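According to TrEMBL:
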- 76-97: transmembrane segment (TRANSMEM)
- 109-138: transmembrane segment (TRANSMEM)
- 150-170: transmembrane segment (TRANSMEM)
- 195-305: domain 'TMC' (DOMAIN)
- 204-224: transmembrane segment (TRANSMEM)
- 265-286: transmembrane segment (TRANSMEM)
- 307-328: transmembrane segment (TRANSMEM)
- 378-397: transmembrane segment (TRANSMEM)
- 429-496: region 'Disordered' (REGION)
- 455-469: compositional bias 'Pro residues' (COMPBIAS)
Amino acid sequence: MVKGLPQKMFLGQDYRSPLSAKVFSSWDFCIQGQEAATIKKHEISNEFKVELEEGRHLLMVQHQTRAQRACHLLTYLRVNILIGLLVVGAISAIFWATKYSQDNKEESLFLLLQYLPPGVIALVNFLGPLLFVFLVQLENYPPNTEVNLTLIWCVVLKLASLGMFCFSLGQTVLCIGRNKTSCESYGYNACDYQCWEDSVGEELYKLSIFNFLLMVAFTFLVSLPRRLLVERFSGRFWAWLDREEFLLPKNVLDIVEGQTVTWMGLFYCPLLPLLNSIFIFLTFYIKKYTLLRNCRASPRPFRASSSIFFFQLVLILGLLLAAAPLGYVVSSIRSSWDCGLFTNYSAPWQVVPELVALRLPPPSQRILHYLGSHAFRFPLLILLSLVLTVCVSQSQASARAIRGLRKQLVWQVQEKWHLVDDLSRLLPEPGSGDSLGPESSHSRGSRPRSLCPGFPCPGSPGPRPPRPEPSLEDPAGLRGAPVPIRRCRFPSGSEL
């Protein structure tokens with residue numbers, strides 16, 4: 001994750017590498033197999049498509065009028081407000097589904113109601129990205145920005161749905177925001193949940209198992225029949241339907257969601273990481289079969305190299321989302337009276353000070369007490385602040401140095417071409433000599449050589465137009481009057 005920070009921080013959002021650099025340096029000459037070469041060709045083609053589309057969109061934005069910019073801003077606000085309302089409605093549906101499922105445990109349809117929250121979460125995560133893709137396309141962004149905005153809204157939806165699921169469970173089981181007699185006496189809803197840790201673990205088990213079963217069912221009951229029907233029949237409808245489009249960001253976010261659920265269940269269900277490892281192993285081969293047999297490539301170009309940092313950031317956000325409620329439960333919530341390992345403690349964290357006092361020698365205890373005291377926290381906070389200040393200052397200085405080097409490169413290229421132009425004015429023209437024969441080796445050697453052999457340098461004025469050939473009707477053209485030399489126009493820094 002740290003590898004992507006210098007590129008994002010130093011180059012900035014407005015920096016775009018020249019297309020010529022990608023043309024001459026994209027190919028990997030270590031490739032030997034035909035399959036690897038084909039994959040590399042598609043990757044380079046994808047990069048060119050993204051670059052050209054972003055360049056076209058940048059030109060369109062530069063030529064927009066004020067009225068067009070105002071209309072685009074209104075469309076942006078309208079679409080994002082609509083997406084925000086959809087996210088709020090989705091997490092509200094998850095909250096009421098969880099609440100209804102927990103409040104109706106005694107009914108005869110409880111076997112179906114207990115899978116109502118996972119079903120609503122799966123439905124929200126399936127319909128939400130489809131709506132986001134359609135709505136974000138209305139804003140007329142370049143492909144890379146469009147994919148990133150869709151990913152951001154999908155991440156907000158997935159993390160918000162998991163957060164609301166945890167909050168609704170906490171409100172029902174731990175009486176967060178509710179006043180009950182059993183809650184005041186025991187610290188949790190002891191009437192309905194005698195072992196509340198097991199109840200929370202059951203919900204997380206059901207959520208993880210339901211997501212895996214839904215993925216398997218969708219692969220073999222939807223994607224596979226769709227592919228068989230498209231290959232068997234022909235027509236406008238089947239051509240429009242086509243195979244399923246394999247969306248790499250959606251599949252990655254599904255794995256991140258499963259990992260977040262696993263982190264949430266570390267305290268309540270210790271076997272959930274083992275179960276999730278088995279699910280990930282099976283998911284890999286199922287997704288591989290789906291990608292190679294049932295799906296088609298996405299028509300929208302996707303730059304995967306710039307999204308690795310984003311996926312890792314989402315994984316860290318999922319870890320924080322799982323650690324916040326888990327830390328609150330371990331440090332502040334009363335354990336179950338009837339079951340569990342911490343029935344004699346006011347909170348599970350109380351075991352740690354007791355074990356430290358019983359098992360560690362006095363010097364180790366004094367060291368731990370000092371590390372947990374304010375005498376150690378405040379100097380550590382000041383030291384971390386100084387280190388952070390130094391890192392930020394160094395990054396800003398590096399960014400200023402890079403901007404200065406860019407300007408210096410532009411100036412050097414302009415100066416070199418100015419010298420080339422002055423030298424070309426001092427040298428004799430090819431047709432001004434006494435002999436009409438081929439050029440001598442001395443004249444060829446005295447000419448300025450190209451600064452960038454093989455291709456034009458950045459900032460170069462371009463090739464000169466060919467000199468007109470002397471005609472037979474005008475023999476004086478052989479000794480024609482000297483043609484005034486035109487000075488080259490030097491490009492500005494924005495053109496480079």
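Residue positions begin at 1 at the first shown residue.
Yeah, the Cβs are placed from backbone N, Cα and C, and that goes for glycine too.
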Grab the pLDDT values for the domain 'TMC' (195-305) and give me their mean, rounded.
88
Can you say which of 150-170, 204-224, 307-328 has the most Cβ pairs under 8 Å with the transmembrane segment (265-286)?
204-224
Per DSSP, what is the helix/strand/coil residue tally across the domain 'TMC' (195-305)?
83 helix, 4 strand, 24 coil
Same-chain residues near the transmembrane segment (76-97), Cβ under 8 Å, at least 6 residues beyond its ends:
116-117, 119-121, 124, 128, 131-132, 135-136, 138-139, 153, 156-157, 160-161, 163-165, 167-168
Using a Cβ-Cβ cut-off of under 8 Å, list the residues of the same chain that are 6+ residues beyond the ends of the transmembrane segment (204-224) and lie near it.
114-115, 117-119, 121-122, 165, 244, 254, 257-258, 261-262, 264-265, 268-269, 272, 275-276, 279, 282-283, 286, 289-290, 293-295
